[in-house]
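Q: Sharing a structure, written as structure tokens. Questions coming.
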Amino acid sequence: MPDYLGADQRKTKEEEKEDKPIRSLDEGDIALLKTYGQSTYSRQIKQVEDDIQQLLKKINELTGIKESDTGLAPPALWDLAADKQTLQSEQPLQVARCTKIINADSEDPKYIINVKQFAKFVVDLSDQVAPTDIEEGMRVGVDRNKYQIHIPLPPKIDPTVTMMQVEEKPDVTYSDVGGCKEQIEKLREVVETPLLHPERFVNLGIEPPKGVLLFGPPGTGKTLCARAVANRTDACFIRVIGSELVQKYVGEGARMVRELFEMARTKKACLIFFDEIDAIGGARFDDGAGGDNEVQRTMLELINQLDGFDPRGNIKVLMATNRPDTLDPALMRPGRLDRKIEFSLPDLEGRTHIFKIHARSMSVERDIRFELLARLCPNSTGAEIRSVCTEAGMFAIRARRKVATEKDFLEAVNKVIKSYAKFSATPRYMTYN
């Protein structure tokens, strides 16, 4: 159909179309648009999430949980009268030890308790304690009037031993450890497989290895692997430095070892890492003065706990040392330390991997030849390669650059590997391992 409108009229019609008012969306249209892309159960899931948030809010209000500078509940939730009544009704208890249970199978058993530095008493249980909760040798809380047993207490453990437990997992993973692929596989066979797949050992009828010795020159990644194991496993991780068990008074070191394994037995699964074990695990000798007798007693207690009369339970033990030649043969035998893993100097592939691991968190140029840098660092440990990367960053900072170049790495190799070679103890320690 021919268009009889002129250009001006056609332009006027187009302007009317453009000037036509735009209708805004109402609430129904917006709600409909929001439903696009949602699943069938989105509304029900959203309703359940809202209900959970409301319940959490009510629980926090009832329990008085609220962030404040003092850490106290709001004053509106204080109940001073009830607190005073609780203080008057609950008297402080005295710590005693149950030494013997008389007529344990009868309906009215009696308990002999020993109050330290005071006396022994034959007492009954209070109404709050069941007879099955009390065992011989257990610490209990008794009142000061009738000396009735009101509460069972956990075993006494030295605070220094409790502080050895690692609460927060380290941030080191197996991908952060370079040049130790074979060692990590052997370590995971001993630590992770028995915890995650114990049925494999039951089907074969063997007991998994319970002790591992990590030995090698300084800086080869022994402690780093232990930190990666602590990050990987959900078991309780206890870290002990060998020098912490060397105490001034007679019997203190052996007592700490006993309490350490007592605490470990209370856990579902536990991993104990002894770093620098040569501080207490040296071979026994008589120097005539008796200076090392206490250290030897501590080592004998450790030997007994590793494979003595009492079963060790689900406790794995890792030990690390730079001098395996100084350790006592009784500590090294199978049954106590079943597997010995050597951490030798990394090869070319391992050194390249270590360079890439440390450069991963640095601002570096692209196309840096890490294999060339690894070839320029023969017989170097992982710690020395890390020092090379740090020095390369220092050269970049000195030149007021934001990125480290390959030239910085080459200068760092000359400084750390070549200039500091006279300070390196790796050749000497290689003769010990």
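Glycine is treated like the rest: Cβ placed from N, Cα and C.
Source: prediction; values computed, not measured.
The annotation region 'Disordered' is assigned in Swiss-Prot to 1-23. For 8-23, the entry in Swiss-Prot reads compositional bias 'Basic and acidic residues'. The ATP binding site annotation in Swiss-Prot covers Gly216, Pro217, Pro218, Gly219, Thr220, Gly221, Lys222, Thr223, and the record cites sequence analysis as its basis.
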Q: What is the set of residues, excluding Gly216, Pro217, Pro218, Gly219, Thr220, Gly221, Lys222, Thr223, whose C-beta falls within 8 angstroms of the centroid of the C-beta atoms at the ATP site?
A: Asn322, Phe343, Thr381, Gly382, Ala383
Q: Please report the number of other Cβ atoms within 10 Å of the Cβ of Thr220 (ATP binding site).
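A: Excluding its own Cβ, the number within 10 Å is 27.
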Q: Ranked by the number of other Cβ atoms within 10 Å of their own Cβ, which of the binding-site residues Pro218, Gly219 ranks first?
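A: The residue with the densest Cβ neighbourhood is Gly219.
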Q: Can you tell me how many other Cβ atoms are located within 10 Å of the Cβ belonging to Gly221 (ATP binding site)?
A: 25
